[in-house]
Amino acid sequence: MSGEGKRLMVMAGGTGGHVFPGLAVAHHLMAQGWQVRWLGTADRMEADLVPKHGIEIDFIRISGLRGKGIWAQLSAPIRIFQAVRQARAIMRRYQPDVVLGMGGYVSGPGGLAAWLCGIPVVLHEQNGIAGLTNRWLSHIAKKVLQAFPGAFPKADVVGNPVRTDVLALPVPETRLADRSGPVRVLVVGGSQGARVLNQTLPGVAAQLGERVTIWHQVGKGALSTVQQAYQDVGQTQHKITEFIDDMAAAYAWADVVVCRSGALTVSEIAAAGLPALFVPFQHKDRQQYWNALPLEKAGAAKIIEQPQFNVAAVSEVLSGWDRATLLTMAQKARAVAIPDATDRVAAEVSAAAGSRATHVAHG
């Protein structure tokens, strides 16, 4: 379907969990002839990342309120009003046919500005429990979409847009069929690393010995400390890296993943068709727990909460999963995945833009 001449503004910022799905949808629609601009903040990751993808970005000034001091709370209405005014000026200048909100603080003023300008707002919630901004915006949005069931009572479940190289991986039965030898355990801490994984996994390696081979991504600045921890328990055969540039290749190598359960990570693991042991980040909304729960319920993963995540517990779980079990879990993970999430979100964006065109034509 051609989007020739149609204009989209994507609002997303702060973290990769918001920005990467937005980029996936943006590229999909640009390939159909859409023009895309981005609304973000100048001091977060989108400021550098989005222009690298050939998308122009506009900035407004806004930051989060949770955990801020009394002066920040008192001045918040003024700052929000100013951010809405900035966003409205940008909307009037660019005149998008539709606005896609992917989360982050920028979506609040941006969504309100779009609504004030009569531009339809499509929202996408990546997590299993809705963020504050999206909960608020859902009341004025034309369409609300969710990656996992339960974030909103009536929203369509469309999954999270996932990178094409992960979607292109062979299905589990092809990938895992002829494997033998030690179980390949991929440990992913994210760009910042996860201290609980870095502290626990060397002990797990010592406990399980020759039964596993580990590829442990430790995060920024933790390489020498974690390497030393593996050496101290006589486990020097494992691969320890600070970052992983090619996650699709890492998923292809792995038999099982041990990681946090951020929304995008969970969606990628399902799309790849991989069993997982999740240790959710201890957030007051328990966001990561709710992200991981559908995979645990499907029999594709196990959740161990951080206070219970220790050498004995992790070793017991991993040693209980033989290759036949891992293949079954991998197939269950793939069955839960929504591999066409990008198409689904893009279709809803197109529909909302179409409804505005009809409305304007008949207005």
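The backbone N, Cα and C atoms fix where each Cβ goes, and this holds for glycine too.
Just one of R93, R163, R323 is listed by Swiss-Prot for the same UDP-N-acetyl-alpha-D-glucosamine site as T15, G16, G17, N127, S191, I244, A263, L264, T265, V266, S267, E268, Q288, and that one is R163. I244 (UDP-N-acetyl-alpha-D-glucosamine binding site): 15 other CB atoms within 10 A of its CB, across all protein chains. Secondary structure from DSSP puts T15 (UDP-N-acetyl-alpha-D-glucosamine binding site) in coil. For the UDP-N-acetyl-alpha-D-glucosamine site listed in the record, the two most distant Cα atoms among T15, G16, G17, N127, R163, S191, I244, A263, L264, T265, V266, S267, E268, Q288 lie 23 Å apart. Within 10 Å of the C-beta of E268 (UDP-N-acetyl-alpha-D-glucosamine binding site) we count 25 further C-beta atoms, all protein chains included.
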